[in-house]
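Structure first, commentary second.
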């Protein structure tokens with residue numbers, strides 16, 4: 001179900017929240033479940049959307065802005081004023097396809113680095129929306145990839161942990177001022 005938080009899709013000179021980058025410990029801590037969806041949670045989601053749009057992103061998880069809560073926002077059509085963003089609270093992947101796709105990913109917490117990652121092509125996710133209502137979504141394509149990427153953030157996993165080409169990963173990280181020591185490879 002679409003979000004109904006009133007947020008203008010534009011860049012702000014001073015986004016409301018500060019992004020955290022690869023190497024920051026906050027990105028590696030598992031986020032805590034949200035016990036009650038209220039105005040304070042909706043305010044966090046609104047600020048996350050404003051920060052995401054300001055950074056030209058299509059997804060953002062609360063840990064990326066230093067908030068240790070299971071909240072994520074996604075908008076795979078940020079240039080379409082009619083497309084509503086998705087707010088997911090306490091999301092859980094319930095099922096996923098056996099079919100895998102390899103696509104390039106990037107991350108607001110690792111600017112400039114874009115590398116191929118293998119993920120399930122389809123996912124079924126249960127979550128609460130910004131009003132606390134239980135929802136289930138079946139997603140494919142870019143939306144499925146964005147959801148999986150952001151849910152990873154909620155568990156302290158970053159997309160670079162899933163990159164199979166370690167030599168290219170080290171090169172790209174170094175090229176953009178990051179160190180490979182901040183990566184925690186996940187066995188394929």
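Cβ coordinates come from backbone N, Cα and C, glycine included.
Annotation comment: Swiss-Prot describes 107, 149, 153 as Fe cation binding site, evidence class sequence analysis. The Cβ neighbour count for residue 149 (Fe cation binding site), using a 10 Å radius and every protein chain shown, is 23.
If you look up Swiss-Prot, you'll see 150 marked as active site. Secondary structure at residue 150 (active site), taken from DSSP and collapsed to helix, strand or coil, is helix. In the shown protein chains, 24 other C-beta atoms lie within 10 A of the C-beta of residue 150 (active site).
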Tell me the Cβ contacts of residue 153 (Fe cation binding site) under 8 Å, same chain only and six or more apart in sequence, or just say none.
27, 31, 61, 63, 64, 72, 109
Between residue 107 (Fe cation binding site) and residue 150 (active site), find the distance joining the two CA atoms and give it rounded to the nearest Å.
9
